[in-house]
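Copied over from Swiss-Prot:
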{"type": "BINDING", "residues": "His100, Glu102", "note": "Zn(2+) 1 binding site"}
{"type": "BINDING", "residues": "His107", "note": "Zn(2+) 2 binding site"}
{"type": "BINDING", "residues": "His154", "note": "Zn(2+) 3 binding site"}
{"type": "COMPBIAS", "residues": "153-167", "note": "compositional bias 'Basic and acidic residues'"}
{"type": "DOMAIN", "residues": "52-162", "note": "domain 'sHSP'"}
{"type": "CARBOHYD", "residues": "Ser162", "note": "O-linked glycosylation site"}
{"type": "MOD_RES", "residues": "Gln6", "note": "deamidated glutamine"}
{"type": "MOD_RES", "residues": "Ser45", "note": "phosphoserine"}
{"type": "MOD_RES", "residues": "Gln50", "note": "deamidated glutamine"}
{"type": "MOD_RES", "residues": "Gln90", "note": "deamidated glutamine"}
{"type": "MOD_RES", "residues": "Ser122", "note": "phosphoserine"}
{"type": "REGION", "residues": "1-63", "note": "region 'Required for complex formation with BFSP1 and BFSP2'"}
{"type": "REGION", "residues": "144-173", "note": "region 'Disordered'"}
Amino acid sequence: MDIAIQHPWFKRALGPFYPSRLFDQFFGEGLFEYDLLPFLSSTISPYYRQSLFRSVLDSGISEVRSDRDKFVIFLDVKHFSPEDLTVKVQEDFVEIHGKHNERQDDHGYISREFHRRYRLPSNVDQSALSCSLSADGMLTFSGPKVTSGMDAGHSERAIPVSREEKPSSAPSS
């Protein structure tokens, strides 16, 4: 007999304020004062974190937008330079890979690596894809959508990452 395991009522009720820490990406970012408050962190659950003080785009989490005329991905890669990033399109997917070797920072030595894969909508014009890195470390991958009668063209190719001198205009939803 299968038994459904449910969280206690207070965890279910406060779920939106304490999202799961399973997918946290705050490696090496340090602690905030609210991380150290025992009545907020340990009484609810060690697997939940208060996320009211961080914006989605400031946390390393990507934002994907797909409207009528374009497809855009915003990704915070502030710890990487354009030389550390590889963006390629393979069939219906865009793959973004970032890696920098061990380097010294304020607290010792650190190396970072990530790999993201996103499915492209079938009507994105793959010959007009672009990718840029803003001065504040926001990677913007975008491509226009084509009308339904045209072929979007699917092949594997690398997309160069260009550097912008101004900060990103991505909203911090």
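Along the chain as shown, residues are numbered 1 onward.
Here the Cβ of each residue, glycine as well, is placed from N, Cα and C on the backbone.
Other Cβ atoms within 10 Å of the Cβ of Glu102 (Zn(2+) 1 binding site) number 9 in total over all chains. Within 10 Å of the Cβ of the residue listed as 'Zn(2+) 2 binding site' there are 8 other Cβ atoms, across all protein chains.
His100 (Zn(2+) 1 binding site) falls within a strand segment according to DSSP.
Checking each of the recorded positions Gln90, Ser122, Ser162 against His107 (Zn(2+) 2 binding site) by C-alpha distance, the shortest gap belongs to Ser162. If you take the Cα of Glu102 (Zn(2+) 1 binding site) and the Cα of Gln90 (deamidated glutamine), they are about 29 angstrom apart, rounded to a whole number. Ranking the recorded positions Gln90, His100, Ser122 by Cα distance from Ser162 (O-linked glycosylation site) puts His100 first.
The Cβ neighbour count for Ser162 (O-linked glycosylation site), using a 10 Å radius and every protein chain shown, is 11.
Rounded to a whole number, the C-alpha distance linking His100 (Zn(2+) 1 binding site) with Ser122 (phosphoserine) is 32 angstrom. Look at the Cβ of each of the modified residues Gln90, Ser122 and count the other Cβ atoms within 10 Å; the largest number goes with Gln90.
Rounded to a whole number, the distance between the Cα atoms of Ser122 (phosphoserine) and Gln90 (deamidated glutamine) is 13 Å. Shown for the domain 'sHSP' (52-162): DSSP residue counts in helix, strand and coil, namely 9 helix, 60 strand, 42 coil. Every protein chain considered, the tally of other Cβ atoms within 10 Å of the Cβ of His100 (Zn(2+) 1 binding site) stands at 15.
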